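Down below is the structure, laid out as C-alpha cells.
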Amino acid sequence: MARFFYSLLFALLLPLILLFMAWQGRKNKGWRQRWSERFGRVVHRPQPGGLWIHAASVGEVLAAAPLVRAFRRQHPTIPLIMTTFTPTGSEQVRRLFGTGVYHMYLPLDLPWMVRRFLRTLQPGLLVIIERELWPNMLAACEEQGVPVLLANARLSEKSALTYRKYPKLALPMLQQLTRVAVQDATDGERYLQLGLPEQRLEVTGSVKFDIDVPEGLAEQGAALREQWGAQRPVLALASSHDNEDEQLLDLYPALLETCPDLLLLLIPRHPERFEAVTNAALTRQLKVQRRSKGAVSLAVQVYVADSMGEMLTLLAAADLVLMGGSLIPRGGHNPIEPAALGKATLMGPYHHNFAQIVADLQQLGALRTVPAEPQELLAALREWLADDAGRQAMGAAGLAAVEANRGAVARLVGHCEELMRLR
C-alpha cells in the first residue's frame with residue numbers, strides 16, 4: 001500500500017520532474033536528450049543475461065569503474081549495461097568505457113516504465129552502487145526474478161533516520177535486496193537495525209581503495225606542474241560546492257602573506273558552476289585562468305578546472321588537497337583519490353559520507369581534518385603549506401593505506417559470479 005501511494009505521488013509530480021529536467025537542460029543539454037529512455041525504452045538491446053550496473057552520477061560511475069573493468073576481464077562475452085540518472089554520469093561512462101559498455105538512462109520510477117525496461121533488457125543481475133534505492137525498480141526486479149546486489153554500500157546515521165521515518169516503504173526495499181555488500185561494519189549494523197536479514201549482509205570494504213591510477217599519470221602531473229611553475233606551491237580544492245570556493249577565495253589574500261606565489265586550483269563538482277566560480281574570483285580582483293582557455297602563467301593566481309574527467313591528473317600536480325563537500329554540510333567527497341596519488345589530504349568537519357574511511361586514514365597519518373571556521377581553516381592551511389616534510393609524510397602514509405586496503409573489487413566480482421551462477 002505504501003508503494004501504491006508513493007507511485008501515485010510520483011505520477012502526480014511527473015510534470016514537475018520533466019519541467020525540472022527541461023530547466024536543467026539550459027546548462028547541460030543532456031537533460032533534454034534521450035527522453036524515451038526515461039520512460040523505459042531500451043534503445044540498444046544487448047543479449048539477455050547481462051550485468052546491469054546502476055551508478056547515479058559521476059561519483060558512483062568512478063566508484064564502479066574498477067568493478068566494471070575486473071568483471072569485463074574475467075567475462076568478456078557477458079554484456080555490461082550501465083544506467084545513470086544524470087547526463088554528467090552518462091558522459092563519464094562514455095569517457096571511461098567507450099563502446100565497451102551499453103549506457104542507458106535509468107527509467108523514472110513508475111511501475112509500467114521499470115517493468116517495460118526490465119522485460120526488454122532481461123539482465124542476469126542488477127548491481128546498485130552505494131545507496132540509490134527505488135521502490136518500483138526493486139519490486140519489478142523481484143517480480144521478474146532479477147537478483148539485486150547493493151555494492152559498496154554505505155548508510156550514514158542521517159540516511160538511516162530517514163528510512164526509519166518511512167518503514168512501510170523502506171522495509172520492503174531492504175527485503176528485496178538479494179545481497180548487501182557494505183564498506184564497513186558500522187554501515188552493516190545500520191542496515192541490520194533497519195530490518196535487513198543478517199544472512200544477506202557481507203562486509204567487503206570500499207571499492208574506492210581499488211582506485212585505478214592510470215599508467216603515466218605521475219608524469220602527466222609533473223608536466224602540468226612545469227607549466228604552472230615547478231617551484232610555486234599548489235593548493236587544490238577538489239569537488240567543491242557552493243560557498244566552498246568562495247571560502248578559499250576569501251582566505252587567498254591572507255595565504256599570500258606566507259605563500260606569495262601560491263596557485264589556488266579550484267575543481268568544481270558540477271559543470272554548471274564553472275562560470276560562477278570564475279566570476280567569484282574575478283569579483284575579488286584575482287588573476288584567474290580557466291583550463292579551457294589556455295595555459296597557466298606565473299601571473300595567474302586562481303586556476304579553475306572547467307573540464308570533466310581530469311580530476312586525478314590535476315590532483316597529481318598539487319601539493320596539498322582539500323576535499324570539497326566537507327566545509328559545508330554535504331558529507332564530503334572521496335579522500336582516497338588524492339591519497340592514492342601520495343598527496344597530503346585535508347577534510348573539513350562535514351565528512352559523514354566517508355566517516356570510517358576518514359577515521360582510518362587519519363589514524364594512519366594519511367589525512368588530517370580541519371575546521372571550517374575561517375580563521376582556524378586559514379591557520380591549518382598555512383601550517384600544511386609551510387610543512388614540506390609533513391606533507392610528504394602524509395602523502396606516503398596515504399599511498400601505503402590505499403595499497404593495504406585493496407581487494408574489495410575481487411570480492412564483489414565473486415558475489416556477482418555467484419548471483420549470476422557463473423561458478
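The chain as shown is numbered from 1 upward.
Glycine is no exception: its Cβ is also placed from the backbone N, Cα and C atoms.
Heads up, TrEMBL stuff is auto-annotated, nobody curated it.
Annotation comment: TrEMBL describes 33-211 as domain '3-deoxy-D-manno-octulosonic-acid transferase N-terminal'. Summarising the annotation, TrEMBL assigns active site, proton acceptor to Glu60. The feature site 'Transition state stabilizer' is assigned by TrEMBL to Glu130, Lys208.
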Using a 10 Å cut-off, grab the number of neighbouring Cβ atoms around the Cβ of Glu130 (site 'Transition state stabilizer'), all chains included. 22
Measuring Cα to Cα, tell me the gap between Lys208 (site 'Transition state stabilizer') and Glu60 (active site, proton acceptor) in whole angstrom. 10
The residue listed as 'active site, proton acceptor' to Glu130 (site 'Transition state stabilizer'), Cα to Cα, whole Å, comes out at 7
Cβ density check for Lys208 (site 'Transition state stabilizer'), other Cβ within 10 Å (all protein chains) comes to 25
